[in-house]
Amino acid sequence: MRLPQLKIQYIERWQKQHGKRLDHDERVRKRQAREGHKQSQDAQNLRGLRAKLYQQKRHKEKIQMRKRIKAQEEKNVKSSAPDEPSKTPLPQYLLDRSQATNAKALSSAIKDKRAEKAAKFAVPLPKVKGISEEEMFKVVDTGKKTHKKSWKRMITKPTFVGSDFTRRPVKYERFIRPMGLRYKKANVTHPELGVTVQLPILGVKKNPQNPLYTQLGVLTKGTIIEVNVSELGIVTTSGKVVWGKYAQITNTPENDGTVNAVLLV
């Protein structure tokens, strides 16, 4: 089963399978050349609410353009720090302080990437095997004497249940998550640092099998979870400590008895 993909990827998949038109590059060049004329025509001729919305859109685009130009100018400015590294040893968290201009450029690039809705996130496991409902749920028969009612389900896979979770009355509880299969911590590996740390799980962001499994907090292979990385001491460019980051489960927790994940950086 594939993880949810962005809608724009079907165009790329088509181009990989069937190729592009012979005049594709020429059409793209002409379309880009016409954009300025189209924007000018819309700005002059639109009326009413459409004109107001269009002006708001153009205003935001111009702000982003000015920010990008300013970031580029900051990137080109030479740093006042000396070219040769100092002989005095520095602790690990102060090594990047001398490269202020590079940090500004990197911060601007990250913000631009977040602003783009079509930004793609590379995950360690882009594909996972599907899990049937028969394998995921076990039917629990209920009924005072006959035990003929079979609307309850017991989850047979590991799950994460938050500390603020309160059970419903037993009579109305449809999905049962056994205490023995509940996990609160995961062994998270940082791909760049090459270290593995046991971190608390904050929540389940996305289970690729089914939105219902995401809501129930089921931990299967390929699930995106949020972990508490405050112990790692990761900080942003502004100096704030990063509290939570996403990680993807890479093992099969129900077979291994533990949750192993790779941090998404």
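Cβ from N, Cα, C; glycine included.
Check Swiss-Prot against the ranges 19-26, 203-210 and you find motif 'Nuclear localization signal 1' recorded for 19-26. Looking at the stretches 56-63, 144-151, 248-255, the one that Swiss-Prot records under the feature motif 'Nuclear localization signal 2' is 56-63. Within the chain, the compositional bias 'Basic and acidic residues' (20-40) has long-range Cβ neighbours (under 8 A, six or more residues past its boundaries) at 58.
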